[in-house]
2 protein chains.
Amino acid sequence: MAIVRTSPLGIVSTQFYTFGSPNEGLRLECGQNFGPITVAYQTYGQLNEAHSNAILICHALTGDSHPAGIHAEDGRLGWWEIMVGPGKAFDTDRYYIICSNVLGGCKGTTGPASTNPATGKPYASNFPVITVEDMVRVQKKLVEYLGIDSLLAVVGGSMGGMQALAWCQLYPESVRAALPIATSPSLTAQGIAWNEIGRRAIMADQNWNGGNYYEPGQARPENGLAVARMLGHITYLSEESMEYKFGRQLRQKDDYSFSFNIDFEVESYLQHQGEIFNQRFDANSYLYITRAMDYYDMTRGKSSLTEAFANTNAAYLFISFSSDWLYPPYQSELMSKAAREAGRYVEYVNITAPNGHDSFLLESEHQAPLISEFLEKIFKG
Amino acid sequence: MAIVRTSPLGIVSTQFYTFGSPNEGLRLECGQNFGPITVAYQTYGQLNEAHSNAILICHALTGDSHPAGIHAEDGRLGWWEIMVGPGKAFDTDRYYIICSNVLGGCKGTTGPASTNPATGKPYASNFPVITVEDMVRVQKKLVEYLGIDSLLAVVGGSMGGMQALAWCQLYPESVRAALPIATSPSLTAQGIAWNEIGRRAIMADQNWNGGNYYEPGQARPENGLAVARMLGHITYLSEESMEYKFGRQLRQKDDYSFSFNIDFEVESYLQHQGEIFNQRFDANSYLYITRAMDYYDMTRGKSSLTEAFANTNAAYLFISFSSDWLYPPYQSELMSKAAREAGRYVEYVNITAPNGHDSFLLESEHQAPLISEFLEKIFKG
C-alpha cells in the first residue's frame, strides 16, 4: 500500500549555514571553543519588511529541522505538520517560521557523527558535552544570519520548551514571546534517571565501542539504542493510552508462545519502535542530547524560579497536558506562577488529553487555537 | 562501620524439599513434565494441632524465602522484617508462617541456574517458560509436605499478590483468606512493556550468550541486568519520593562534570542498585520470572473478573498504595468490586503513602494493624 503524503507546504528542502572555525569557535558552557558549526534548518513563509514576524520552532530530543511539508530527500511529512502551514497555528501565510536541528544532533547540524576537521574522522566521544544553552547560542547565530534581531516567538515542546526558556534567559531583548509546551524548568530526578538508563543501555552495547562505531561496515550499538528508545517511548505515552492501544492483546490470538518471543502487541510495537529509530538516529547524539537535558536548569545560579523569570522580557504561553507524567502539568503551573510573580504576561492552559507527553505532537483541537490567538495578540502588540 | 542487625526471630536457616523426577515431574502450564524440583523455604512459629494456623507468604520478583530473621548464611535481615515476627502483623507467636523461593528463582529453588540432571549442566535457556500458576503448584506440594490441607491465609505483594490470587483460583478449598497487596489481576500494557525492556537489555548484553554464562570464570551479563534493575527500580518508587530523596542534588557540589560520568545523586543511586543486584540475582531468573508475570491473567478463560472470583472461596483483604503507579490502586479497587459481586467477603484499603510500589515493603503503620485484625477475624472464624 502506497501512502500518499500531502502537505499544503509542498516539498521543503533543508538548508545549511556554517560559522566559526577551530580557532574562532563558539564558546561552550563547558569552557571549550568549538567550531566550525554547521546548522541544518528549514524556513516557511516570508520574513516581512519590519523583520517582526519570525518564529523559531525548537525540536525535542529526537526531532529535526523538518516540522512541516514534504521532505525533499525522503518524502517524509514534518513532525508538527498539524501545527505548521497556511492557516494553521503557526500560520505560514502570516509568519516566517524557522526550525533548525540542534547542536549535537544527527540531522545535518554538527554533532558527534560529524567530521572533526582536526582529525578528518568523526568526533565520536571527542565531541564536547553540550548544554541546552549551547544549542540556543547556535540558533542565535542562525537567526542573526537570517537578518533577524528580535523573534516574535520561540516555541517548542519537551526539550524544545527548554530551548524556548533558555532563549528568554540568554537573549531577553531578542524574544517577544515564548511558548514552552509540555516542558519544565529542569528535569525531575525521575527524568534524569530515565535518561541515565537510556545512556547506560547504549554504552553497555559492545558495538558502542567507546563511541567509535562510524567506520564503514562497522556494527552500530543498535541493541542499546533500541532499549533506550523503547524505554523513552513508554515515558512519552500514558498508561491509559497504552491500555487503550494495546491492553493485553496477543499477536497470535490462540495462546501464549511460552517463550521469550513476541507474544503481546505492545512488545511488537516497542520492538518496531526500536528498529525504526536505529534507522534514523545516532546513538552518540542520544547520549549528548539527553545529557544536555539533564543539565538544563532554569534556576541554576538563581535563588528562585521567580528570579529566573524576572531576568526575562517575554510574554509566555505555557501549555501542559493532563496525562503527561514525564513533564507533569504541575511544573508548567509552577512556571506560570513564577513568571506572573516576576511581572511577566502569562497565559497557562492544561489541556485534557489522553496521550501523555506525546500529546504536544498529536493534539491540535485545543492547542492550535490557543497558540494562534496568543501569537496574534503578541504580533499586533 | 559494622552494622548490627538484630531480629526477635534470631537466626533462621533455609530448608529444602525436593520432589518429582525427570520421568514423574510436575505438569507445567506449557505442557512439559518437569522434575525434580527443589524448593527452598523457611518457617516461623509453630503449626497448631488442628493445622489451622498456617500462612504462606509469597515473594515478589526479586525476593526470596527469607522474609524475616537473620539469615544463617549471610546475616541479612529478611525483606519483610517489619511485618513478620512475634507480635507483628504476621505474628509468629500465633501463626505458622511459611515462605518459599519461587520456581524459576535463584535463591535455592530450582531455576535456570540449577543443574539439569539430563545434562549435568545448568538448565540455562533450556529451563521451561513457567507461569505464576506453576509457582503456586510447587508451593502446594511444599504445603502438603508440611502436613497442611488448608492455609489460613496466602499473602503477597506485587507478584506475590498474583500468587495469592492464583492460589485462590487453583485450590479454592485450601485457602481460607487471601491478602493480595499492591498487585493486580494482570499486568497492564505498560507493565508488560517495562518487563520486555528489562529482558531486551539482558539479552542484548553480549555476555548473556544465549543464556549460557554459568561456566567458572565466565563473564555474566552484568551490564544488561544492571540496566533492567535500574529501570525496575524507578517503577518501584514514586516521582514524589525520588524528588524528595534525590531531586537534582549533585555528587560534587560545585559544578557539572561535562561528561557522562556520574553527576547527579540519582545516577549514583541507580548505578549502585544495578551493581548490588548483580551480586544477588541471576539474569536468566529475571527473564523467566518477568515472563511469568506478563502471562499471569486472572481472567484468562473467564468472561469477567467477577466470574474469576466466583470460582474462589477465600475472604479477601486487598491493600493498595496511593502513590503506586506500577500497580495502580484502581486495579485493587476493580478486584475488590468483582470479588464482592461474586459474593466473597472483601475488605479493601488504599493506604496513603509516598513511596510508590515499594510502599508494601516499607509501610507498616497502617498496613500492619489492617493485616493483624483481618487475620484474627479469619482465624477465629
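Backbone N, Cα and C atoms are what each Cβ position is placed from, and that goes for glycine too.
Where the annotation comes from TrEMBL, it is an automatic prediction and has not been curated.
In TrEMBL this protein carries:
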- B:S158: active site, nucleophile (ACT_SITE)
- B:D324: active site (ACT_SITE)
- B:H357: active site (ACT_SITE)
- B:R229, B:D358: substrate binding site (BINDING)
- B:53-362: domain 'AB hydrolase-1' (DOMAIN)
Query - Largest tally of Cβ atoms lying within 10 Å of a Cβ, found at which of the recorded positions B:D324, B:D358 - result: B:D324
Report summary line: B:S158 (active site, nucleophile) falls, by three-state DSSP, under coil
Report summary line: B:R229 (substrate binding site), Cβ-centred 10 Å count of other Cβ atoms over all protein chains shown, is 24
Query raised in the report: For B:D324 (active site), what is the secondary structure by DSSP, using just helix, strand and coil?
Result: coil
Report summary line: Close in space but at least six residues away in sequence, with Cβ under 8 Å from that of the residue listed as 'active site, nucleophile', the same-chain residues are B:A60, B:L61, B:I181, B:A182, B:T183, B:Y327, B:H357, B:F360
Query - Collapsed DSSP category at B:R229 (substrate binding site) - result: helix
Requested in this report: Provide the three-state secondary structure of B:D358 (substrate binding site) computed with DSSP.
Outcome: helix
Query raised in the report: How big is the gap, in Å, between the Cα of B:D324 (active site) and that of B:R229 (substrate binding site), rounded to a whole number?
Result: 18
Query raised in the report: Among all the protein chains here, how many other CB atoms are within 10 A of the CB of B:H357 (active site)?
Result: 24
